[in-house]
Amino acid sequence: MACNLCYEAESPDEAALVYAARAYQCTLQSRTPEQVMVDFAASGPLTFQLLHILPFDSVRKRMSVVVRHPLSNQVVVYTKGADSVIMELLSVASPDGAGPEKQQMIIREKTQRHLDDYAKQGLRTLCIAKKVMSDTEYAEWLRNHFLAETSIDNREELLLESAMRLENKLTLLGATGIEDRLQEGVPESIEALHKAGIKIWMLTGDKQETAVNIAYACMLMSTILKELQKKTQALPEQVSLSVDLHQPPVPQDSGLRAGLIITGKTLEFALQESLQKQFLELTSWCQTVVCCRATPLQKSEVVKLVRSHLQVMTLAIGDGANDVSMIQVADIGIGVSGQEGMQAVMASDFAVSQFKHLSKLLLVHGHWCYTRLSNMILYFFYKNVAYVNLLFWYQFFCGFSGTSMTDYWVLIFFNLLFTSAPPVIYGVLEKDVSAETLMQLPELYKSGQKSEAYLPHTFWITLLDAFYQSLVCFFVPYFTYQGSDIDIFAFGNPLNTAALFIILLHLIIESKSLTWIHMLVITGSILSYFLFAIVFGAMCVTCNPPSNPYWIMQEHVLDPVFYLVCILTTCIALLPRFVYRGAGKMNQVTSNYANQSADKSGRRPKPGPSTVFAMKSATSCAIEQGNLSLCETALDQGYSETKAFEMARPCKD
């Protein structure tokens with residue numbers, strides 16, 4: 001029957017302990033709020049009466065359960081928690097003492113060796129201890145604890161004091177080590193984020209040895225990491241001295257990665273206002289920062305400190321309840337769903353099933369999101385400047401009277417209906433670089449960090465282009481119809497039509513990933529414009545007296561001059577943009593063809609911009625790993641972008 005038992009626990013650690021106990025013939029049979037039944041191989045099933053439970057909290061870093069032993073009828077307190085906390089709560093034992101004290105000292109020393117060995121293996125460690133109480137002692141404690149629970153003022157402090165009175169003078173029972181395996185793809189994701197220029201801090205509640213082992217396992221720290229260690233008693237003056245002595249620990253251009261490892265006690269002083277600046281100066285010289293034995297409050301304080309003082313965008317990712325405060329404080333919070341529960345997911349902005357998906361979320365979707373927003377904002381500026389300036393140029397010919405050469409309903413629907421959907425589709429579906437390329441070249445993510453898609457000169461060039469197109473869109477029809485007897489709306493109709501074609505075709509030129517959805521929306525916008533103009537022109541007899549747009553579109557669709565004006569205006573307005581984009585693509589194709597030809601002939605070609613970028617990636621990767629010969633090989637054989645990138649890939653191994 002025991003083999004068919006299935007346990008549900010609050011955390012994987014709890015379940016692992018129960019399953020391990022069952023493997024040693026100590027099987028949990030049932031659990032109710034009042035009692036626990038355990039089946040022992042030697043004595044059979046025993047029922048323990050549950051008297052009280054002190055749940056885990058991040059301040060105490062432990063939990064306790066009070067039971068009545070079924071054989072001795074004694075009140076026993078069992079406590080498990082972090083080894084650094086439990087060891088301080090043990091009863092004082094002297095190596096020169098009597099039998100029990102000496103035995104306890106031997107157990108403590110042996111357990112400490114086991115803990116150190118577990119930590120070096122990357123296991124999550126816990127210590128387990130117990131305390132036997134008399135009924136009188138327990139009744140006295142329970143009465144005071146009840147007063148603390150019912151207190152209105154300082155309730156949290158009173159409960160903490162009550163727990164401290166119970167959890168002291170403990171007898172050590174032993175320690176446990178639970179394997180916490182890295183998920184698939186974690187080292188590769190960490191390495192990709194490093195290449196993308198993202199600085200990673202590891203905030204964990206594990207002990208230092210475990211945290212360092214995990215940091216090495218997930219490539220957060222490389223094998224060439226230069227370790228700078230200094231012992232300290234965690235006093236503020238000594239922390240300040242340590243910061244001054246180690247700044248800068250490693251020159252940033254030395255090719256080595258400097259890492260900072262700091263424990264929770266030292267971090268408590270480093271987060272003090274007088275030391276915050278020095279602490280951040282020290283971390284600025286380190287590519288990796290590992291904060292171990294950190295409480296949930298300290299995690300959130302570190303995120304607040306980095307976010308407020310360094311003025312950077314922060315992202316926090318976690319999978320447990322201890323990470324909730326950190327996730328909520330960061331600019332972007334990501335929760336990893338899994339066995340740790342759903343608290344982190346519920347508190348996050350985004351949720352992923354595994355850590356490895358973070359690299360695609362940032363490098364691919366983050367890059368796309370940035371370029372889409374940047375390009376869409378630029379396009380909205382361009383669209384409005386290009387169209388509104390038509391009214392501006394017209395004011396020079398109407399005495400700045402404020403009149404318009406088109407009906408106000410057309411002006412309203414031009415932005416509201418005819419040209420609103422294409423920019424949205426552009427901002428949702430645009431992909432300037434394929435997902436495969438972004439994953440293979442994490443360095444491309446740096447373009448978003450440097451705001452290369454929305455630089456000041458890009459903005460002003462876009463506005464100048466919009467001014468030029470508005471000039472062409474206005475004056476080509478103006479000089480075409482100059483001297484004719486057309487009215488104001490007959491003159492404005494070619495302007496609106498040409499402006500629509502120019503704005504939509506400009507979007508096609510700028511888009512790098514046209515789909516059938518783009519073409520469907522653009523075609524629908526054009527058809528809706530002509531349909532509205534025809535219906536509105538047929539119905540609007542007295543819309544805007546004394547002149548009215550009555551039957552204007554119907555007459556123009558039969559006039560060859562109208563088509564000639566629209567086509568000529570569109571071509572002249574978009575010619576500079578088309579030539580600029582075409583020249584850029586032609587230059588890229590020519591560079592690729594030259595590289596391929598030189599690659600076949602065995603000559604080293606003159607690298608283009610893309611090739612230089614790929615070479616720099618290979619060079620920086622080679623230097624980062626300390627392999628200068630590989631760096632030289634990447635430079636000597638960098639015939640093309642693909643070749644240079646392939647030379648860089650071995651750096652990853």
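Just so you know, glycine gets a Cβ as well, placed from its N, Cα and C.
Per Swiss-Prot, ATP binding site is recorded for Glu14, Phe56, Lys80, Arg124, 204-206, 259-266, Arg293, Lys299, 322-323. The Mg(2+) binding site feature in Swiss-Prot is assigned to Asp319, Asp323. Among the features that Swiss-Prot reports, topological domain 'Cytoplasmic' is placed at 1-375, 429-458, 511-516, 581-653, with the record citing sequence analysis. Annotation source Swiss-Prot lists topological domain 'Exoplasmic loop' at 397-407, 481-487, 538-555. For 376-396, 408-428, 459-480, 488-510, 517-537, 556-580, the entry in Swiss-Prot reads transmembrane segment.
Taking the features listed in Swiss-Prot, we show where each one sits on the structure.
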{"residue": "Glu14", "record": "ATP binding site", "contacts (Cβ under 8 Å, 6+ apart)": "none"}
{"residue": "Arg124", "record": "ATP binding site", "contacts (Cβ under 8 Å, 6+ apart)": "Asp13, Gly177, Ile178, Glu179, Asp180, Asp206, Thr210"}
{"residue": "Gly264", "record": "ATP binding site", "contacts (Cβ under 8 Å, 6+ apart)": "Cys291, Cys292, Arg293, Ala294, Thr295, Gln298"}
{"residue": "Asp323", "record": "ATP binding site", "contacts (Cβ under 8 Å, 6+ apart)": "Pro296, Lys299, Ala316, Ile317, Gly335, Ala344"}
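For the transmembrane segment (556-580), the list of distant contacts is 465, 468-469, 472-473, 476-477, 480-481, 490, 493-494, 497-498, 501-502, 505-506, 509-510, 530, 534: same-chain residues at least six beyond its ends, Cβ to Cβ under 8 Å.
Of the recorded ranges 408-428, 459-480, 517-537, the transmembrane segment (376-396) has the largest number of C-beta contacts under 8 angstroms with 459-480.
A separation of roughly 22 Å, to the nearest angstrom, links the Cα atoms of Ile261 (ATP binding site) and Asp319 (Mg(2+) binding site). Cβ neighbour count for Asp206 (ATP binding site) (all protein chains, 10 Å cutoff from its Cβ): 22. Nonlocal intrachain contacts for the transmembrane segment (408-428), taken as residues 6+ away from its ends with a CB within less than 8 angstroms of a stretch CB, comprise 372-373, 375-376, 379-380, 383-384, 387, 492, 496, 499-500, 503-504, 507, 510-511, 517-518, 521-522, 524-525, 528-529, 532-533, 536, 543-544, 549. Across the range of the topological domain 'Exoplasmic loop' (397-407), the DSSP-based residue counts are 0 helix, 0 strand, 11 coil. Of all Cβ atoms in the shown protein chains, 22 besides its own fall within 10 Å of the Cβ of Arg293 (ATP binding site). Distant neighbours of the topological domain 'Cytoplasmic' (511-516): 426, 429-432; these residues of the same chain sit at least 6 beyond its ends, with a Cβ under 8 Å from one of its Cβ atoms. Tertiary neighbourhood of the topological domain 'Exoplasmic loop' (397-407): same-chain residues 390-391, 478, 488-489, 491-493, 495-496, 536, 540, 543-544, 549, selected by CB-CB distance under 8 Å and a gap of 6+ residues from either end. Around Ile261 (ATP binding site), a 10 Å sphere centred on its CB holds 20 further CB atoms from the protein chains shown. Ile261 (ATP binding site) falls within a strand when secondary structure is assigned with DSSP. Per-class residue totals from DSSP over the topological domain 'Cytoplasmic' (429-458), listed helix then strand then coil: 21 helix, 0 strand, 9 coil. For the topological domain 'Cytoplasmic' (511-516), the model gives a mean pLDDT of 90. Beyond its flanks by at least six residues, the topological domain 'Cytoplasmic' (429-458) meets 192-193, 195-198, 359-360, 362-364, 366-368, 370-372, 374-378, 511-513, 515, 517-518, 613-614, 616-617, 645 of its own chain at Cβ-Cβ distances under 8 Å.
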